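Asker: According to Swiss-Prot, the record shows the following:
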TRANSMEM  4-24  transmembrane segment
TOPO_DOM  25-36  topological domain 'Extracellular'
CARBOHYD  Asn28  N-linked glycosylation site
TRANSMEM  37-57  transmembrane segment
TOPO_DOM  58-78  topological domain 'Cytoplasmic'
TRANSMEM  79-99  transmembrane segment
TOPO_DOM  100-104  topological domain 'Extracellular'
TRANSMEM  105-125  transmembrane segment
TOPO_DOM  126-144  topological domain 'Cytoplasmic'
TRANSMEM  145-165  transmembrane segment
TOPO_DOM  166-172  topological domain 'Extracellular'
CARBOHYD  Asn168  N-linked glycosylation site
TRANSMEM  173-193  transmembrane segment
TOPO_DOM  194-220  topological domain 'Cytoplasmic'
TRANSMEM  221-241  transmembrane segment
TOPO_DOM  242-253  topological domain 'Extracellular'
TRANSMEM  254-274  transmembrane segment
TOPO_DOM  275-291  topological domain 'Cytoplasmic'
Amino acid sequence: MTDSGLMMPAEIAGILTTAITSWWDDVNESTQWQDGIFFALCGAYALVSAVALVQLIRIQMRVPEYGWTTQKVFHLMNFVVNGVRAVLFGFHMQVFLVHPKALCWVLLDLPGLLFFSAYTLLVLFWAEIYHQARSLPTDKLRITYISVNVAVYLAQIGIWAYIWVHDNSTVELVGKIFIAVVSFIAALGFLLYGGRLFFMLRRFPIESKGRRKKLHEVGSVTAICFTCFLIRCVVVAVSAFDKDLTLDVLDHPVLNLIYYMVVEVLPSALVLFILRKLPPKRVSAQYHPIQ
């Protein structure tokens, strides 16, 4: 009886594992589930895109006298990134099966690069605030931001071009590792400047409601963005070596749902909610046009 009792947990675990595996395979192979999940992602991205557009319009109506500020560009890029993702998942059948394969890579990777550019814009903004508060030079920060983004896009274009001419598994592996490295750089940027600005605000001698709000804003956005980019880095790196975890394929709808909800949809929605406050109508030191 004792031996039987000891075997029961293992047997139950085995049965549960088999049932979950069977369900996972059934869902992945079901056209109905595939369509349902990808259309759900389409709807989620469309909703976030609409929220970003509404917020952009509200900001423009609030301060129409200013040009393209960092805040406006950030919301515009969120609108574009999430809108493009919504279209891609809305036409998932055509996108995942498009030929040549390099074109499929372009369609699926480009929104991820735009997501990187949009959110590292926050890193740039915080870096400028931190440097100004420390009386450090800020003239090279935007040059660095632009240079890093240009380098990332040029490298990615090179990978796409090579895949177009010589499609092989080695180049695909390099492409995935490159995306993982780019995601790690973004996570590091948030940890570095988000963390610095957070601790600088904590040491600020004057206690005020505005300081507490800004502290909560910086801390929350830093934690969210660092986590989502780090998860993207790990998942993409692992998927490069494990075909069972391959993303952006029709027969892995559940994996795609979990991945994109965790690394893009939920972080975007949370950040837009946290940064929902409209800028003041009068000129502020924290709200200035992009030069």
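Positions of Cβ are set from backbone N, Cα and C atoms, glycine also.
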Asker: Between the Cα atoms of Asn28 (N-linked glycosylation site) and Asn168 (N-linked glycosylation site), what distance do you get, rounded to the nearest Å?
Answerer: 25
Asker: Taking residues 6+ outside the transmembrane segment (105-125), which of them lie with a CB under 8 Å of any CB in it?
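Answerer: Distal contacts: 70, 73-74, 77-78, 80-81, 84-85, 88, 95, 98, 141-142, 145, 148-149, 152-153, 156, 160, 163, 175, 179, 182-183, 186, 189-190, 192-194, 221, 225, 229, 232, 248, 264, 271.
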Asker: Give the residue from the glycosylation sites Asn28, Asn168 that has the most other Cβ atoms within 10 Å of its Cβ, counting over every protein chain displayed.
Answerer: Asn28
Asker: Restricting attention to the topological domain 'Cytoplasmic' (194-220), give the mean pLDDT.
Answerer: 83
Asker: Kindly say whether the transmembrane segment (254-274) and the transmembrane segment (173-193) touch, using the definition of 3 or more Cβ pairs under 8 Å where each pair is 6 or more positions apart.
Answerer: no
Asker: Which bits of the chain, at least 6 residues beyond where the transmembrane segment (173-193) starts or stops, bring a Cβ under 8 A of a Cβ in it?
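Answerer: That would be 105, 109, 112-113, 116, 119-120, 122-123, 126-127, 130, 148, 152, 155-156, 159, 163, 222, 225-226, 229-230, 232-234, 236-237, 239-241.
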